[in-house]
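According to TrEMBL, the feature active site maps to LYS10, ASP137. For PRO95, VAL96, ALA97, GLY98, GLY99, MET100, ALA101, GLY102, GLY103, SER104, ALA105, the entry in TrEMBL reads ATP binding site. Annotation comment: TrEMBL describes 67-145 as domain 'GHMP kinase N-terminal'. Sequence annotations record features per position, and here TrEMBL assigns domain 'GHMP kinase C-terminal' to 202-278.
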Amino acid sequence: MQATARVPAKVNVRLGVGPLRADGFHELVNVFLAVGLYDTVTVMPADRLRVTCSGDSTDQVPLDAKNLAIRAAALVAERTGRCPSLRIHIEKNIPVAGGMAGGSADAAGTLLACDALWGTGMSRAELLSLCAELGSDVPFALIGGAAIGTGRGERLRPVATTGTFHWVFAIADGGLSTPTVYQEHDRLARGTVDPPSAPAELLAALRHGDAAAMADHLGNDLQPAALSLRSSLADTLEAGTAAGALAALVSGSGPTTAFLVKDQESARHVAAALQRSGTCRMTRIASSPAPGATLVGADCLSDRLT
Ligand SMILES: C[C@@](CO)(OP(=O)(O)O)[C@H](O)COP(=O)(O)OP(=O)(O)OC[C@H]1O[C@@H](n2ccc(N)nc2=O)[C@H](O)[C@@H]1O
Ligand SMILES: Nc1ncnc2c1ncn2[C@@H]1O[C@H](COP(=O)(O)OP(=O)(O)O)[C@@H](O)[C@H]1O
């Protein structure tokens with residue numbers, strides 16, 4: 001018996017950061033777009049709850065209770081009265097601590113896979129609510145596509161899109177800690193934070209599949225903080241822009257940088273130029289939107305009982 005889920009990474013095409021709340025989170029207007037870089041999570045019964053991980057930079061992934069996949073399995077088990085004796089295997093393809101929500105993807109994938117394995121019968125709304133308990137970005141990993149996240153980013157409203165948006169991602173050496181980047185943002189902004197909003201022009205560009213129009217309205221309020229903590233990212237942004245990207249920005253809290261490009265040919269050209277520039281560790285090409293967490297294989301208790 002086992003269940004496998006495939007879950008996408010995200011890029012924030014507009015990350016508006018508002019005031020710091022009393023609970024330690026910032027009020028956001030977060031326009032998420034799921035991109036076709038996927039982690040795959042498999043859960044299967046075992047003698048105890050544990051996680052294994054294969055892929056790039058897995059030495060940076062905690063294999064104890066700090067792993068979001070472990071926390072997700074324990075949460076579903078607790079809420080549905082199951083025993084969380086599982087082996088979880090993560091095949092990692094999303095950059096670790098890169099501002100692309102890989103840990104959140106693994107949490108959403110684990111929730112979906114546990115739900116299938118155990119046949120919990122939880123509704124979509126219940127699954128989304130558990131996602132929000134695990135982290136601000138986790139609900140979006142479940143739904144995918146494009147959405148505006150408000151509150152701390154967990155309250156989602158799907159956004160219509162057409163067509164395909166092409167991206168190049170430049171993966172940096174090492175990660176950046178999300179709380180540290182938010183703290184740096186607060187230090188730099190020094191209380192002069194406007195209430196964030198999602199520009200109508202950006203939403204129209206998504207609706208019309210218009211990459212050139214979207215390029216004019218991308219924005220990330222955390223970018224100055226990420227650049228302040230990792231000044232070399234400016235060189236990466238510059239290299240991709242010089243190679244012909246329509247727009248360049250830091251992905252979420254970074255340090256991955258995202259380059260919106262016209263088409264696949266342009267993606268290959270920009271990726272090669274970034275690689276040659278020596279300003280990043282590696283590049284990945286991917287397109288948007290991508291579907292949210294999806295079961296791609298299941299041999300489950302619920303099937304055997306029907
Ligand atoms: C910045 C964003 C943009 O989508 O993602 P990443 O780029 O890191 O992937 C998110 O806001 C990250 O979401 P996520 O990684 O789920 O964060 P959480 O686990 O909920 O919170 C981790 C910490 O980030 C800070 N945090 C997070 C969300 C928020 N709205 N305000 C915050 O200040 C808080 O310090 C919090 O303790
Ligand atoms: N399954 C997981 N995959 C990656 N990182 C994880 C996971 N679970 C917990 N973490 C921790 O979360 C931190 C942030 O990881 P990640 O979600 O990949 O990046 P980001 O928040 O920048 O999008 C990592 O540095 C790591 O310590």
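Yeah, the Cβs are placed from backbone N, Cα and C, and that goes for glycine too.
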Cα separation, LYS10 (active site) to ALA105 (ATP binding site) (Å, whole number): 9
Inter-residue Cα distance where the pair is ASP137 (active site) and GLY103 (ATP binding site), in Å: 9
Binding-site residues compared (ALA97, ALA101, ALA105) - the one with the fewest other Cβ atoms within 10 Å: ALA97
Entries of LYS10, PRO95, ALA97, ALA101 which, being recorded positions, have CA atoms within 10 angstroms of ASP137 (active site): LYS10, ALA101
Listed binding-site residues with Cβ under 6 Å from ligand 1, out of PRO95, ALA97, GLY103, ALA105: none
Among LYS10, PRO95, ALA97, ASP137, the recorded positions whose C-beta sits under 6 Å from ligand 2: ALA97
Structural state of ALA105 (ATP binding site), classified by DSSP into three states: helix
